[in-house]
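Structure record follows, encoded as structure tokens.
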Amino acid sequence: MAVPNRVEAKQMRDHPHRIHEFRLANLVTDPFAISSLSLALIAWIIAFAGSVVAASNSKKYPAFSWWGIVYQILLMVLVLILYCYDLIDYYKSFLSGALAVAFVYTTNSAAEMLYQDGSRMGAASAGVILLSMINIIWMFYFGSDNASPSNRWIDSYSLRGIRHSVLESSIAMSSRPPLVSRNVSKYSASPQMDLYNATPAPHSQGFYPDTHSQHYVSSTALNGFENAGPPTAPALHGNMGHGNNTSTFVTDTTNGNTETTMGDTLGLYSDAGDELTSFPYVAKALYTYTADSNDAYEVSFEQGEMLRVGDIEGRWWKAKRANGETGIIPSNYVELVGENSI
């Protein structure tokens, strides 16, 4: 993935939901994708050309191999499209099953043609054998999680970096103790009081926490902070002298960014909570990055610097430097090296 400029970075924070567009750069920047697809195309051409010649000169050519060859090219086109739209991670389970079917087709065709006489049949069998080898490599890659050692090693050569692992993030989220507010409703007048009155729940059942931790700040929480105004007190309704409830209520549909101040947001980053919970991962800076002077939320770092990071689901990660400075960093400038290792 190309390094975003300032305008693109701001757009990413304003619109955190990914927009999948057709880009050949998504394919050509991934050496594994471009090399495996190229080899698969060469093998398919050999198998198809050999099959055409063999079928025209021999009645012993297995007829079911034609569907296997057509199925293989359709699958290759699908892989190409998914890579170009950057949707490969969403369809890995489907691809694993589809490749298993293709592997059965190509191996059966190879078994039928390998022992037939003639160079034409031999060329066709060589093509389907190569396709079988590529299919089993794809099954191993697409069937493994992105956090597996083999996939991390393969993705380390990609210009886009190591792909996000849903399994690894789920495990990290499940290890965070959820916060349950004491004597404060979700319509509390003061959101800050919810944070200070919250205590970790003694037991959390299920794979995900029952409630989101207040220490976890997603990339969507940064929307609108670039032009944040000075802190303003919430408007009070009614007469202060009366005993009526004069609190400002916030409903579930409130964005929360309209009255969130820059100081409150940075306070979430510098919260005195458990560091290992807020920043469970360790990342190494691949390049030197200088924060934008107009963006109070970006943090600078040097090449080779070790950073603690959290919220690794987006393009911008929450990070903490060794000197205690916290902020957000571009994910394509760093590489995950472990969890709680420094």
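Cβ coordinates come from backbone N, Cα and C, glycine included.
If you look up Swiss-Prot, you'll see 278-339 marked as domain 'SH3', on the strength of sequence analysis.
Under the heading topological domain 'Cytoplasmic', Swiss-Prot lists 1-31 (among others), citing sequence analysis as support.
If you look up Swiss-Prot, you'll see 53-62 (among others) marked as topological domain 'Extracellular'. Secondary structure of the topological domain 'Extracellular' (53-62) per DSSP, as helix, strand and coil residue counts: 5 helix, 0 strand, 5 coil.
Annotation comment: Swiss-Prot describes 84-93 (among others) as topological domain 'Cytoplasmic'. Remark: secondary structure over the topological domain 'Cytoplasmic' (84-93) totals 7 helix, 0 strand, 3 coil, with classes taken from DSSP.
Swiss-Prot lists 115-121 (among others) with the feature topological domain 'Extracellular'. Distant neighbours of the topological domain 'Extracellular' (115-121): 50, 53-54, 57-58, 60-61; these residues of the same chain sit at least 6 beyond its ends, with a Cβ under 8 Å from one of its Cβ atoms.
Among the features that Swiss-Prot reports, topological domain 'Cytoplasmic' is placed at 143-342 (among others).
Among the features that Swiss-Prot reports, transmembrane segment is placed at 32-52 (among others), with the record citing sequence analysis. Residues 61, 65-66, 69, 72-73, 76, 79-80, 83, 88, 120-128, 130-131, 134, 137-138, 141, 154-155, 157-158 of the same chain sit 6 or more residues outside the transmembrane segment (32-52) yet have a Cβ under 8 Å from a Cβ within it.
Summarising the annotation, Swiss-Prot assigns transmembrane segment to 63-83 (among others) and lists sequence analysis as the type of evidence.
Per Swiss-Prot, the feature transmembrane segment maps to 94-114 (among others).
Residues or ranges marked as transmembrane segment by Swiss-Prot on the basis of sequence analysis: 122-142 (among others). If you look at the transmembrane segment (122-142), the same-chain residues 6 or more away from its ends with a CB under 8 A from one of its CBs are 32, 36, 39-40, 42-51, 53-54, 61, 65, 68-69, 72, 79, 88, 92, 95-96, 99-100, 102-103, 106-107, 109-110, 113-114, 116, 150-151, 154.
Below 8 angstroms of C-beta separation, residues 54, 61-62, 64-65, 67-69, 71-72, 75, 78-79, 82, 88, 121-122, 124-125, 128-129, 131-132, 135-136, 138-139, 142-143 of the same chain, each at least six residues beyond the ends of the transmembrane segment (94-114), sit close to that stretch.
Taken residue by residue, the topological domain 'Extracellular' (115-121) breaks down under DSSP into 3 helix, 0 strand, 4 coil.
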